[in-house]
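Positions annotated as ATP binding site by TrEMBL: Gly141, Thr142, Asn143, Gly144, Lys145, Thr146, Thr147. The domain 'Mur ligase N-terminal catalytic' annotation in TrEMBL covers 48-101. Sequence annotations record features per position, and here TrEMBL assigns domain 'Mur ligase central' to 139-353. Annotation comment: TrEMBL describes 375-508 as domain 'Mur ligase C-terminal'. Taken from TrEMBL, the feature N6-carboxylysine covers Lys250.
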Amino acid sequence: MSNHAYESAARLRPHRCAPTPLSDLARDFALTPARREDGVVDAVEGLEVSGVSVDSGDVVAGELFTALPGFKTHGAAYAPEAVAAGAVAVLTDPDGAAMVHANCPGTPVLTHPDPRAVVGPLAAAVYHHPAERLLTTAVTGTNGKTTTSYFLDAMLTAHWGACMIAGTVQLRVGDIAVESPRTTVEAPVLQRMLALAVEEGVGAASLEASSHAIVLHRLDGMVVDVAGFTNLQRDHLDFHKTMPEYLDAKARLFTPEHARRAVICVDDEWGAQLAERIAVAGQVPVDRVRAYAAPGGRDAAGADWWVSDAAVSMTDSATTFTLHGPDGQAIAASCPLPGLVNVQNAALALVMAIRAGVPAETAVAALATAHNIPGRMQRISQRDGVRGTCIVDFAHTPDAMELTLRAVRQITPGRLIVVFGSDGDRDRGKRPMLGEVCARLADVLVVTDENPRSEDPQSIRDAILAGVRKVRPDLHDVEEITTWRGDAVRRGVELCGPQDTVIVTGKGHEPFLEIADEFIRYNDAPVMREAVLDKWGEPA
Ligand SMILES: CC(=O)N[C@H]1[C@@H](OP(=O)(O)OP(=O)(O)OC[C@H]2O[C@@H](n3ccc(=O)[nH]c3=O)[C@H](O)[C@@H]2O)O[C@H](CO)[C@@H](O)[C@@H]1O[C@H](C)C(=O)N[C@@H](C)C(=O)N[C@H](CCC(=O)O)C(=O)O
Ligand SMILES: Nc1ncnc2c1ncn2[C@@H]1O[C@H](COP(=O)(O)OP(=O)(O)OP(=O)(O)O)[C@@H](O)[C@H]1O
């Protein structure tokens, strides 16, 4: 998937970018013109660049190709492709320089001991520091980044007229929206998007910041106006090794190099620690938000903003709550997505928006309309006496599934139907666990395929069903759809009565099914929409 998405992200470039002399970049970023084997030093005088790329497949004429030493290979190996696409020069580390000299004899090379660390600030300079001309927010945390960043998108758009999005689901500037290759794109891609946003008169940007991105310098070179933290849960320990190390990565976002203000959810112990750390450092003003106390979490004491009276409305599936502020504010809000986790996301987004200068009433009104987040509790049909509630969601871990099903149960007077599967070539242990959670919390289970990849789909379904049988050997309402995921979604809708909810989980916004080594275009939302239309027709 990433390759398709990465190619399309190439469209998000400014139309004009005044070129920058390479010698200025060499001076400002301590880049050293490389010395060739014959002793001659590469000359950069008179050369100019009008863009930066770290991927050879992404280079357009006039750009500087930055060849990074990678985890798998060295970017210098791809310099010939970059030069063929029109790269003016190559920036790399001393190891890469020899490789580029050997393979691209006429191309000047600059070196830096750590090109990954310098490419963000360098790209910001080449694109003329676009972040300084926009209002920017960034959300980090294990869960809730996408949802919170879409709530912010709605709030910032309501106040500034338009907002750019860069996150897991989408890269969007003005009318151009493309699939996102990852949660946080490489620094040059981000800087280009910001430059395009400035050109297009887009006033604000809502970004997601993954911990990988923070560690790998993808956000270097810009200071976001308001950075927010949702929560920290066990994840990515292959990359960060321990939870404290994982928190350290997130904490870097809340330093003056990266953010002007911090808004931290202190519902879990990690958020509380982080807020404390930022307050002690005293460099970035911090607001603490308590939406609810997660197990091991703190109570309202120690929070600047806190939530009370959270209640689910059965009529429109929204959750209402009151957000109290440090100046005695009592802001009545309605979050269009069910569940306490979304109250956390909504409360965080409201405080971030208010700190970004959005009037509270504008932010509250925008939040109430923000129910159409692709694949995040996305409502395709709303219960109205005739039709049932139909939802597409992204939950794909046992914890997320549990939270999601509990939230959906609260808005379901009838039966809860879940359509789900589990990934192939990934964590096998979670398959029976997903089966167990669904068997405990739902009434009807439709088991299907997610991304079988190289595995036999039957064996994945069998593992899920073993989990189901372990906790509910008596459960009869279990169906296995072996043909095609779309058939399972249609079956779920077919089973859904007027008091029921059907939720399809696991793929959310994702636009492909990965079967064997093929990427097949597929998305749950349009399939469910078509099934809803076939069953009930257009809503009155
Ligand atoms: C672990 C990690 O983050 N790796 C990143 C790292 O890759 P790498 O060091 O392995 O790169 P490599 O394959 O060795 O290639 C070396 C260099 O050659 C370049 N290259 C490579 C091939 C080619 O044809 N042309 C070319 O120019 C690459 O762009 C790279 O700069 O540097 C590359 C760009 O320089 C990133 O694209 C790559 O992200 C990979 C694709 C990735 O999957 N990252 C994931 C783990 C990630 O970042 N995930 C987080 C979200 C996590 C979450 O919350 O779920 C995210 O922000 O999406
Ligand atoms: N605040 C939250 N706390 C815990 N779980 C959450 C929270 N918000 C959402 N979730 C769960 O996590 C899933 C993914 O939500 P979301 O996409 O907003 O998070 P994310 O951090 O962007 O994750 P990803 O990068 O994988 O998209 C949701 O389907 C929901 O089940």
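Any Cβ shown, glycine's included, is placed from N, Cα and C.
Sequence features annotated in TrEMBL and their locations in the structure.
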residue	record	DSSP (3 states)
Gly141	ATP binding site	coil
Thr146	ATP binding site	helix
Lys250	N6-carboxylysine	helix
Residue distribution over DSSP helix, strand and coil in the domain 'Mur ligase C-terminal' (375-508): 50 helix, 25 strand, 59 coil
Pairwise CA distance, Lys145 (ATP binding site) versus Lys250 (N6-carboxylysine), rounded so that it is a whole Å: 13
Candidates near ligand 2 among the recorded positions Asn143, Thr147, Lys250, judged by a Cβ under 6 angstroms: Asn143, Thr147
Asn143 (ATP binding site) to Lys250 (N6-carboxylysine) - Cα separation in whole Å: 13
Cα separation, Lys250 (N6-carboxylysine) to Gly144 (ATP binding site) (Å, whole number): 14
Model confidence over the domain 'Mur ligase N-terminal catalytic' (48-101) (mean pLDDT, whole number): 97
Site of maximum Cβ density within 10 Å, from binding-site residues Asn143, Thr146: Thr146
Rounded inter-Cα distance in Å - Thr146 (ATP binding site), the residue listed as 'N6-carboxylysine': 16
Binding-site residues compared (Gly141, Gly144) - the one with the fewest other Cβ atoms within 10 Å: Gly144
Neighbour tally for Lys250 (N6-carboxylysine), based on other Cβ positions within 10 Å of its Cβ: 25
Candidate binding-site residues Gly141, Thr142, Thr147, pick with smallest Cα gap to Lys250 (N6-carboxylysine): Gly141
8 Å Cβ shell about Gly141, Thr142, Asn143, Gly144, Lys145, Thr146, Thr147 centroid, ATP site members excluded: Val139, Thr148, Thr230, Asn231, Asn345
Least buried by Cβ count (within 10 Å) of the binding-site residues Thr142, Thr147: Thr142
The domain 'Mur ligase N-terminal catalytic' (48-101): DSSP-derived helix, strand, coil residue counts: 21 helix, 14 strand, 19 coil
